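**Student:** Dropping the structure in here first, questions after.
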Amino acid sequence: MGSRSSTRIPVPLMLTVRVALALSCVCPTSSLDGRPLAAAGIVVTGDKAVNIYTSSQTGSIIVKLLPNMPKDKEACAKAPLEAYNRTLTTLLTPLGDSIRRIQESVTTSGGGKQGRLIGAIIGGAALGVATAAQITAASALILANQNAANILRLKESIAATNEAVHEVTDGLSQLAVAVGKMQQFVNDQFNKTAQELDCIKITQQVGVELNLYLTELTTVFGPQITSPALTQLTIQALYNLAGGNMDYLLTKLGVGNNQLSSLIGSGLITGNPILYDSQTQLLGIQVTLPSVGNLNNMRATYLETLSVSTTKGFASALVPKVVTQVGSVIEELDTSYCIETDLDLYCTRIVTFPMSPGIYSCLSGNTSACMYSKTEGALTTPYMTLKGSVIANCKMTTCRSADPPGIISQNYGEAVSLIDRQSCNVLSLDGITLRLSGEFDATYQKNISIQDSQVIVTGNLDISTELGNVNNSISNALDKLEESNSKLDKVNVKLTSTSALITYIVLTVISLVCGILSLVLACYLMYKQKAQQKTLLWLGNNTLDQMRATTKM
């Protein structure tokens, strides 16, 4: 029952994992396609699996520091074992005393518990200030007090065994594994061999191995000298103490081989000393490791930007450093709550931010929607390697091909150059020689140009320059306004009074009416004159016809 409860995933974590898994099943995802983005100076450098975790699982390792020798070889190894025992006691007694002081500082009474805890931490660690990590370590130590007491109750049987690793379950609230790195050595060298060894050789072998282990112990507990019992032990330190037997505990706690290397690199597996018994030379360590929920189909995609050439100078794309994609939705991923390893992200919570339509369109492959910020710095990265090939800004640096010999030129208006083994086998960039082995296939877009409208100002110096230009424009406008005001001041104010304006309006209306009447009268006179002309013309024609008729008669 104890081991089962120690490995249970908390309800909030289970709910988060189930919701995320349900979403991932509905919306299968693929990693962001970086092929259309590379020529625009946006490089997809890799993906990592996203996991959510909580540090909820604990188990105990009981390190058996003093090995049991075979009966027929005890006399030969007596001298080095006694010296080793004395050194162990000298080295670890301060640690044991500190553990006991902290555990005994908390009584069963209710009042002032936190104050006594802080006081014990400061007194035990000989520090002026108790850090949050030390308080956490001391709290874990106090919570493990009962388990440590149960282990001490079994110390005689643990010390008497000749097994290098075995599980201890009697009366313990959590999984405990007793391991003995030195016992493993004794078993391998003396108990499982039929070869007869002389006493001198036994003494030498035991002495050398014990000295090596003492060196490892000193390395592991070096930080404990300045802050006894309050410094966490790393997974590497735990392996030094327990040897390969550490895997037994991790396997029992549910850590698979496929997760082990990634978890070791994350630093999430830690240990805290909870007991030291100088009589039996037993060292108890409580191991804390995370409960991990794998979010299927959720991956973090890492983006890097390259300085590209534009008509406004060199510029870098404005895109998030890390994005995650589920289905057709792409959002920025906040990794401040995550611990990174080579292949995984372990996050206590998943926090994403929506992106603007422009950035979303850009990362979807529409490079004309990408926005860029001017980067005039001489140290801005002008090239980047990608899958055995190189993406370089050959206007910012000289791209020299050594095989075949020549200079790789970048076309006018082209943002960057995509260089692979088809165009160059050996490339030299700023004195760095690279042998290319990859190829950019036809799916990679090339010859992308950045328009002026895509380059904006974001840097502090550039913004200051633009503000200066705006201030100059405002000053010029103020000068024009002042000139206009001076001209207005010359205008007679009396002529612009209300009564004068009314008079001007009335006179204007009268003038317009008179003009219209004059126009109508002129039109009437013209019409009347034309009518008279037509009448006279008709009379003349009629008289002429009568005269012609009379002449004929």
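Each residue, glycine too, has its Cβ placed from N, Cα and C.
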**Student:** Would you mind telling me which of 26-54, 142-170, 229-257, 345-373 Swiss-Prot tags as coiled coil?
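**Tutor:** Checked against Swiss-Prot: coiled coil maps to 142-170.
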**Student:** Going by Swiss-Prot alone, which of N471, N541 is annotated as N-linked glycosylation site?
**Tutor:** N471
**Student:** So, in Swiss-Prot, which cysteine from C394, C424 is disulfide-paired with C399?
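**Tutor:** When Swiss-Prot is consulted, C399 turns out to be bridged to C394.
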**Student:** Near the topological domain 'Cytoplasmic' (522-553), which same-chain residues lie under 8 Å Cβ to Cβ, leaving out any that are not at least 6 residues past its ends?
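**Tutor:** Counting only partners 6 or more residues beyond its ends, the topological domain 'Cytoplasmic' (522-553) has no Cβ contacts under 8 Å, so none.
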**Student:** Please count the residues of the topological domain 'Cytoplasmic' (522-553) that DSSP assigns to helix (H, G, I), strand (E, B) and coil.
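**Tutor:** Counting residues per DSSP class in the topological domain 'Cytoplasmic' (522-553), I get 31 helix, 0 strand, 1 coil.
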